[in-house]
Structure formats: C-alpha cells, structure tokens
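*Asks:* Have a look at this one before I ask anything.
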Amino acid sequence: MAITGIRGQWLDMWIFFCLVLLIGIKLEGIAAQIRYSIQEELKSGAAVGNVAKDLGLDLARLTDRNLRVVSGTKQDLFKVNPRDGVLLVNQRVDREELCAKTVPCITNLKAVVENPLEMHQVIIEILDVNDNSPRFPEENYTLEVLESSVVGSRFQVEGAHDLDVGLNSLQSYKLNHNQYFRLETEEFGEDGKVPFLILQRPLDREQTAQLWLLLTATDGGKPSKSGTINITVIVSDINDNSPVCDKQKYTITIKENAPPGTFLLIVNASDSDEGMNGEIEYSLRSKLRGLSSDPFDLDSRTGKLTVKEGLDYEEKQVYEIKVLAADKGAVSLSTQCNVVVRVEDVNDNQPEIEITSLSSRIPEDAPLGTVVALMGVTDLDSGVNGQVVCSVPGHLPFDLKPSPDGQSFSLVTNDFLDKETIHMYDITITAKDLGSPSLSSTKVIQVDVLDVNDNSPLFTESPYTFYVPENNKAGMSFFSVSATDADGGENAAVTYSLDRKSPGPTVTSFLNMNEANGTISALKSFDFETLKNFQFHVVASDSGTPSLSSNVTVNVFILDQNDNAPVILYPVSSNGSAEGVEEIPRNVNAGHLVTKVRAYDADIGYNGWLLFSLQEVTDHSLFGLDRYTGQIRTLRSFTETDEAEHKLVILVKDNGNVSLSATATVTVKLVEPKEAFAASDVVSKGNDQGENNIIVYLIVTLGSVSVLFLISIIVLIAMQCSKSTDYTSKYLQETNYDGTLCHSIQYRSGDKRYMLVGPRMSIGSTIVPGSHANTLVLPDRRKTSEE
C-alpha cells in the first residue's frame, strides 16, 4: 500500500488521503488493478508509488520487460522509471483543470509490460488541495433598495465560487456589522450557498441615502481562504416594486445534438409598477467574471431562451443559468430567475480503439491462448451509448478477452495456426457501442504466421519404376526422383541421399545420387544377362531443425539389348567353325531326318528368337530346312546319279533390330546299307575257306543266306515303318521338344518363370502380354512340387 504525504497539520485528514492499492484478478493479459491517491499540485518528479513492486514484478528483469504507462488523455501527467518501476509525476497536476467539480477525481492509466505481454490498470485519485480562494463575479456590486421596502425583505446577492471541492470549497459568508441588513444563506444547486441580504429595519433615504457593505466568502481549508465583494446599497424612494419571477426555478432537458436556434423556454417575470417602472428587460448573467457565457441566447424583451451554439454532453451535462429581470425605472429594480438546462446524451461519438502492444509475428505452433495484442477501447458517450462491445470475425482463429472494467481487451489465439494454409491474417477488430443507432469503428491488425518445420518432404510418386537399357554408359544419369515440402524457406529445402543402411545385398555401391536435384547415375554398365532388376531406397530430407525426412522405393528393370550373337551347339564348334558330318543310307525315303542344327541366344524376346535358313546347298532338290526348328530332312529319295557327298551351310540369325547371326556347315554322306557290306564280307570269307574245305563252304554259305534273309526281312519292316515314323539317326531328337534351344531359354522375374518360344507353343503355356507372342509364362514347378 502506498501512502501520500500530509500537508499542513491536517491530522484528522490523514486516513482520507491514504493511498489504496487494489490488486485485480489476472485475466488473459489484464493481470491486476492498483490504486494510488495523490494530492494535486505535486512537483514534477514526485514519486507516486512503485508500480513494479506493487504488481509483484521481478525487478531484475524489469528493463527487459519494457515497463511503461499509457494514459487515455492527451497529456502525459505521469511517467514510470523503467529501471526501478517508480511511478513519477511528469507535469503539474491540477485537479480543477482535470475534473472541475467531479468527486472523486480519477485518472486511469494502463501499465504495460512485455515478455510476456501483460496490461495492468492503475487508478490514481487526485486529492484536492486548498489552492483556490472563493471568488465573486465582481469586485463591486450595486444594490438599489426602495425606502419603502418592508422589514424582512430579501435581496439576493451574486454568490462567490470556489473551484476547490469538499472542505476546501466555499463554506460560509460573513457580512460586516451594520444596523440595516443581516445575512442569510441558502443552498442552491451547483452554486452551493447563495447569500441573501435581509432588511432588519426600515430605510429612510433622507437620513441614509447609501450604505456600504462588505460581504466575505470563506472556504473550509486549513488555513482557510476568502474573497470579498463591496456592496453599495442605494436607497430609492421611487419604483418601489421589483420584478418577480413566476417560477422559483425553470428546468428543461435538451438533447446535445439540438441545432442552434432550438427553443428552450420563456422566462417570465412580472412587476406591479406601471409604465417604465413595470416594463421588464431580461439579460443573462455569467457566474464568474471573465468566463465565457453559456451557449444560449435570451431575447431581452420576451425572455425567450434558445440554443446559440452546439451543446456537448461530454463537455458539460448541466447548465444553471442566471436570468436578470430588471425594470426600466429611473432606479431600476431587478431580480434573478434561475434556469436549469440539463443536456441529454446522444450517441454521437464512435468508439476508439488504441493498440497498446502488438506481437505481429506468431509461430504456427503457438499454443492456444497466446496473446497477440493488447488494446484499450474508449467511448466518450455515457450510459449505454458509452458501453462498447468488441468482436473479431468468427472464421478467424482469434478471440478477444475483455478486462474486468470492460475498457481493455486481449487478442488471443483460440485455434491452431497453419502457415501452409494461411501465412498472414488481416484481423479486423470492430468496436460497437450499444447506442441507438449504434456507432462503430474498426482497426485492422496484420499478423504474420512464422513457419515451423512440421511437414516432411513428399515424393511425387511412390514407388518409382524405371526401365534402363543394358549397356548404358557408366557415369551418365538415367533417371531422377523429386520431392516437395509444404513448408517454406530453409524448412522446404530438400536434399536427396541413397539409403545405404538397408539389410541384405546392396546395389547402392554402384549408384551415385545428386543430393541437390535427385538425379541418379550408375557407376557401371548394366548387363541384362547378369542383372535383370534391382531395388533400392532414396531418402529426402529437409533443412529444418530438427530435420524431417521420408523415403521411397525405386524399382529398376534392365531392358534387354541385342548384344549376343547366336551360338551353335550342334554341330560342335571346332577351331572357330561349326562343322559336322552326317552319314545316311542311300535308300532312305523322302522326309528322312538327316540331322538337327541346335543353337541358342543369350538375349530374350525378339532378340533371342532364332530363325534358320540354307545359305549354301549342293542340290536344292535333295534337302529341306525347317526355319524354326533347324531340322534337315530329305525332300526325295536318292538315285544312283546323286552324288555321294553334299555340303549344307546353315545361317542362324536372331530377330533383333540389328540382327546377329552365326553359320554351321553340315556335310551329308550317302552310304550303302550296312547289310550289303556285311554279306560281301561273309562271301569273301566263305570262298577262301572253300578252297580248303567244301563242307565248311556249304555250311557257311547256308548260314550266310539265312542271315541275309533275316536281315532283308528286318530292312523291309524298317522301310515300312519309316513311312509314318522318321528314321532314327544317330543324333536323336529331344523328347517333348520342337524347336531350337533358343526357344527353351527360361528366366525368372519376381514369382513367375518365363520361356522364350518360337511360333510353335507348348501345350499348357500362356502368352505374356506385350511380348510379341514369343514369351510364355510357365507354371511354377517348384510350387507344384511343393504342393
């Protein structure tokens, strides 16, 4: 509690001038309310109280928190020392100038601190000091009194005015001692005590034509102050009736927006005299000499009172007008008619919004209830016209929290912010009074949302699938990945890297990644026949703190190129050339299988699909070649004129865009049937032995004939069978196989097996879509065996 000093010896006023500190309840930016009391006329620099201590602020952090006071007036009467928190008088404080007759005289301040933002209400009560003496409108006053006035007649005298209030205001009047008049006072509205001179004894102009009186007005201050007026009483023996007002007090209420010329009322006074002594003239009398007259006009003849200039309820609410009604006698008599004009408030002032503190940059992860701004709202109107309601648009994530007195508000967040959705808010604060019609004003606050790294990079695809031809050039980039980050600035800067921590066989050892743009290059050339596909992971990381990342799977499939020439399996290659010799009996029929050229190609698809053709042949009418299987068959039976040896050159080529090929040479020799050679040997041997032993010759001959007969029967049976079934050569055809080895090349991709075939397909196989009808999907034998 702060206690003001005591002036003089007013010990009995000590309690009344105590400084009271009220601590308010903390509410969202309006933390407390404190109250001080000081006397007016304190010197500049005088201490009022320690705001920092009374608010419980940490003095060590006071400078960092930027303590300051904000007043709603144009004059900065007070200031605060930001180092120690002491509230000081900044300039002369005059209670009469600030509050006039209003009691108590209150000045509202707002103490604002930052980090965090808080606003506290400081109420300062200005206590009156007896610094004004009672003052009469004029130093000299002339009162004309008829000598015919009866004892007890009352004569009102313009009273004195004291700008002080309370005990320091006007308290009493004193009239100097005389034998004709005594003094009485009456309470009269704003004027307080009004003096009346009461006639105590009859007047005799012939004996006393004039009287000089001294009226003294004294206030209640200690020490007291006083003012005096010299009253000259002129005793007249004519015009012995003063005007009389028909009402003791006239009262009217007018709205403050009444235009100039608005009629108020008519002041009416009557005089029982006749002629000039009974003709009354009206005039306005100002209360204090030197002060401007009231904003009213009075018709001096009719007493009609009208508005002269604009009224302002906020400036003055009640006017007490003195209308002097005087007759036109040689010695004019007059009286004062009292008129009270009450001004009624009209809602003619818009609310005013004053931003006292503002945090214009709020992070998007700010918690609910974060204080954005502190503001004060004032409306000069009174009653409901001065009651203000503030609001912000309902779709914004902000709300207003009022202070206990309803004159200050805190703008706080009431929902979570997201910079990626809205990066800046223009908050329109609307202050609207409760008058009818209502008046309002707006103020726009711009708040920027600061980015927080709360979004991970996102890849444009997931997973990525790329197709790379084999035999690529090492070091060249062949594909790239891309990721975007919804954050801004450094939080959105993405870098790329290969995930080299994945378990199992790693392929990233022969890959290189550009961390800036996500381009991936291979450090070696791929070979489809060695590696058909592989998989790896790419990590995209932003540059925020802490960094966020995401990864994506990249599947790479190697595309086959026609880089392998056909290889001849039969005839067997020797010394760089594939040559073979086939012997067949001369007596074979047409369609006899001479041999089969076998070849394969390491490529797949069209690149591995082989076709056979005769490049050279001694006799085109004797031999034919199946272009898909490589089988060589006789086209007709041999004759005696056919040569015994024939040379066939077979060309084997694949179906690549740039076809590769190989050649094989087959030499076909025609031989006599083996039975003939065996019979000749037996006869020769029998002749040699016959020379020695005829019996042996006969036995051998008989045996030979028998054997020859049996052989002939076997040969005839064989020839009959060869018409429907191919002759068996010494090179037998493979079981369940119709084609070259290239057609039986198998490979696996994922959980499927593939086999390249020619135009003839195996039963139970399925054509792979997009393989030009030369690749079959085979049932997985491993699964079948397991089942």
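Every residue, even glycine, has its Cβ placed from backbone N, Cα and C.
Positions annotated as domain 'Cadherin' by TrEMBL: 30-136, 137-245, 246-353, 354-459, 460-568, 583-683. Per TrEMBL, transmembrane segment is recorded for 694-719.
Map these features onto the structure and tell me what's around them.
*Replies:* For the domain 'Cadherin' (246-353), the model's average pLDDT works out to 86.
When the domain 'Cadherin' (460-568) is classified with DSSP, helix, strand and coil residues number 7 helix, 47 strand, 55 coil.
Counted with DSSP, the domain 'Cadherin' (583-683) comes out as 14 helix, 44 strand, 43 coil.
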*Asks:* What stretch in 137-245, 246-353, 583-683 has the biggest tally of Cβ pairs under 8 Å against the domain 'Cadherin' (460-568)?
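*Replies:* Going through each listed stretch, the top one turns out to be 583-683.
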*Asks:* Of the residues in the domain 'Cadherin' (30-136), how many are helix, strand and coil by DSSP?
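*Replies:* With helix first, then strand, then coil, the domain 'Cadherin' (30-136) has 13 helix, 45 strand, 49 coil.
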